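Since the structure comes first, as structure tokens, the remarks are kept for the end.
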């Protein structure tokens, strides 16, 4: 049998005897094969050298379990996998099956299934039980191999076994399950081990909290923190506070985040740069810019140097607040302090320059990236292309940067195409935008609602309603449904071209498909109704919008105001303007010009003159058409008076 032959192989040199070889050429071939097999399992290191190897001095000969695995056994395991032959080799080599041996066998570079079979076989041996070290070794290999099912079974087996699990091992199990997106299972294991086998430490709780954070379970984070504090011997550290403050920030519970920050300092813990950075971001999100800047000063006073992440948060926040010069000053100070920017920070600054219409500064920063040892990525190129369009530079310049991007080996994203399509649509180059949509499709990108929205809107403005509808139907066919914004654009254009029935049908279709109409969709349909003179229906839709929890915006009120100006007359129009002044949504230039036009058409020039003074005081400009019509009407009145006097 092959097992007996292998046992002899691993035991030492072998002399094979055959009684009869029927054919001379076969006899030669069989002897050659036997020699090959023997040499395969011979040690590659001469016996004299084996005696001099270091492990012979480190380990006792009386304890065979600690001997380095024999190379012959490793070869058998690699070729014949786990089975009777490998079992026999262990016996012949007198390797005692214990935890050390199991860990050594699991280290061998063989298929994961071989390791699993060996592990299960070892667990059934008399006088042997796996401990936490052998379980953890297999768990790591299963995690590396991505065998989620087997991983979960092994963890469950470990929990139900008699082995003791240390807090560090529990932390590692939680991290592994978190990476495998098995959050609920991690929670289950945590409580099973906590109640039976292990007293969690702060580090264990931190592993749980961080896993929940990464999975977006922010509410559960605070619950676990409360449990941690109730343990009595488990105190939060900076890692705990960092995760909790971040969780509260994401939940919009800013006050709780600030309270935790104060609590942390009261407990004698020194805030890290990461904690300061999180809080700076929370302040900026709440439009509390000065508070964010004060925190930076506190950070420096406490000797906590801002990191590149801190500076990124500062620059991003100041950019959102429209404080472009301050953002650039922060960047220059950062360089003076010796903090090296990364590509994320550069991308944010380029984006800020684009919004400020400072294209030259954006391009200069791009060229300086090499000096900062930052390699431009797809976001960098997207930001430059968007800056070109925002700065009203020639669209051909954006096209050349698109080609430069591809030439540099940076693959465009769907967002790249969306920026280009939107930019070309806004510069009336619809045909170029359509070609880009086709290229996007050829590259295998899924249909992008934002790109379709720009094209549908441009085609609608050009009164190419059928082409716009074709694109809309194409998007629905490819995606199964469309976004609320695309529906709103199509509804708006159906209303403009007098196809109100189609607009209403589309609005109802949205609701049936579970695509809740937003304020843009409501406004689009109301605008179509007002254009068709259906003021009662527009008013009813306005009320429905608010009943459904969709808050009206200034555009909503201006649409209704426009309808009243056309149908309701000056008194109703003025009444609504007064209501807007007293509400949270204040009238803008469009509101005033709408009322001004209504007054001029009704010949109420004194009221119109008062309103013009009010507009002037508020810094609003007159609509030129309305203003010229007022002047024309006033001119006619003067002519009539002069002719009457004469």
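Backbone N, Cα and C atoms are what each Cβ position is placed from, and that goes for glycine too.
Residues or ranges marked as repeat 'PPR' by TrEMBL: 201-235, 237-271, 272-306, 307-341, 342-376, 377-412, 413-447, 483-517, 518-552, 553-587, 588-622.
Taking H, G and I as helix, E and B as strand and the rest as coil, DSSP gives the repeat 'PPR' (377-412) the counts 26 helix, 0 strand, 10 coil. Beyond the repeat 'PPR' (307-341), the same-chain residues lying 6 or more positions past its ends with a Cβ under 8 Å from any Cβ of the stretch are 273-274, 276-277, 280-281, 283-285, 287, 289, 292, 296, 299, 348-349, 351-353, 355-356, 358, 361, 372-374. Residues 484-485, 487-489, 491-492, 494-496, 498, 500, 503-504, 507, 510, 559-560, 562-564, 566-568, 585 of the same chain, all 6+ positions outside the repeat 'PPR' (518-552), place their C-beta atoms under 8 angstroms from a C-beta of that stretch. When Cβ-Cβ distances below 8 Å are used as the criterion, the repeat 'PPR' (201-235) is approached by residues 167-168, 170-172, 174-175, 177-178, 181, 183, 186-187, 190, 243-244, 246-248, 250-251, 267 of the same chain, each at least six residues removed from its ends. Across the repeat 'PPR' (342-376), DSSP helix (H, G, I), strand (E, B) and coil residues number 23 helix, 0 strand, 12 coil. Taking H, G and I as helix, E and B as strand and the rest as coil, DSSP gives the repeat 'PPR' (413-447) the counts 26 helix, 0 strand, 9 coil.
According to DSSP, the repeat 'PPR' (237-271) comprises 27 helix, 0 strand, 8 coil. Residue counts for the repeat 'PPR' (588-622) by DSSP state, with H, G and I taken as helix and E and B as strand, are 27 helix, 0 strand, 8 coil.
Remark: secondary structure over the repeat 'PPR' (201-235) totals 26 helix, 0 strand, 9 coil, with classes taken from DSSP.
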